[in-house]
Amino acid sequence: MYLVLIVDLDDDVGRKAGLKTPILGREECIKAAIKLGLSDPGDSDINSILGGVKLYDELKKEGAEIAIVSGSKDVESKECAEKIKGQLDFLLNLYSPKFIYVVSDGKEDELIINYLKGHDIFVWKKRIVVKQSETLESTYYLLQEFIKKTMEEYIPLILTFVGFSFLLYAIFADMGWRLVIGILGIYILAEASGVRKKLFNRLDEGSELINIEPISYAAFIVVILLGILYSYSVTPKFDNLNLYIGEFILNFLDPLTLSLIILLVGRFISRVINLEENIFSLIKRYIFYLICIFILREFLANGAKYIMGTLSFLNFSLYVIVYLIVIIILTVILFSKESGKK
C-alpha cells in the first residue's frame, strides 16, 4: 500500500494551528490545512498539505493512506529528531506501507527520507512549491515595497554621506578618503560587534547608561596638554619667531584634531543616549561638525605656512574664502529645512 506522508519539520501545524500530530486521514488533513491557513495564510505548509491530499486522491483507488507528521521549531534539535522518529515508527507499525510519498515544501523536511529508506521502504519525494510566477511576482512587489520604504527612510542619510565623501575628497584629497573609510569602518565595527544594537536596546528598555561626555572632556584636555608638550619638544628652536610659531602649529595640528574628534564623539554619544530629535538630523549635524574640524585643521596648516612665509597672502586668502563658502553652503543645505520646520 501507499502512504502519503506530509512532513512539517518545524511544527507550524502545532505552533500556529494548535494541532497535535500525527494527523491521520483525508478529512483531518483538510481541516488542519484550513486551520493553519486561518492562523497564517502565507505558510507554505498549507500548500504541502493540500498537495498531499491531491496526491492521495489520485492514489486511493490503489490503496493509500495519508498522514501529517511534525517536529519542533528548532529543526536541528534532539527533541525534533525524537518527535519525528516516534511518529514515523507509529505510522510504519500502523500501516506497514511498501511505498511512501514524502510531501514537503522543499525545506529541511526531506532529511527524513534516509531514515525511511533504512526500513526497506521505497520512498518518493514530492516537493510542493507555490506557482513560481505568482511567487516571483509577490516577492517582487514585497521587495519593491521594502526598498521603497527603506529608501524613503535612508536616502537622505545615504545622499548626505555620499555628498560629504565627495566634499571631503575635494577639500582634503587623499586624507578625505581616509576619513570617509574611517567613519564607515567605525559604523561597520559597531554593527558587527552588536554595540549599536545593544545601545539602542538599552535605550528602549530605559536602562541607565554611563554619561561619557565628562570622560571625553577629560580626554580632550589630556590630549591637548600632551600635544602642547609634544609640539614644544619636537619643534626646532628657530631664531626667527615666525618660523618657530609656524612649525609649532604644524606639529600641534594632529593632537589638536584628535582631541576635538574625541570631544565630538563623546558629545555625539551623549546626544544619542538622550535622543530628543531625529537620529538622521543628529548624524548630519555631527558629520558637519567633523568636517568643520578638518577645515579648521587645514586653515591652521595654511595659516602656519603663511606665517612661515611659504604661502602667499593671496593664496592663503583664497583658501579662507573657499573654506567659508563650503561651510555656508553646507549650513544652508543641511539646516535650512530644519529651521524652516521650527
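Glycine is treated like the rest: Cβ placed from N, Cα and C.
What TrEMBL says about this one:
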TRANSMEM  154-171  transmembrane segment
TRANSMEM  177-195  transmembrane segment
TRANSMEM  215-232  transmembrane segment
TRANSMEM  244-265  transmembrane segment
TRANSMEM  286-304  transmembrane segment
TRANSMEM  316-335  transmembrane segment
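Most Cβ pairs under 8 Å to the transmembrane segment (286-304), among the stretches 215-232, 244-265, 316-335, belong to 244-265.
Sequence-distant contacts of the transmembrane segment (215-232) (same chain, at least 6 residues past either end, Cβ-Cβ under 8 Å): 248, 251-252, 254-256, 258-260, 262-263, 265-267, 270.
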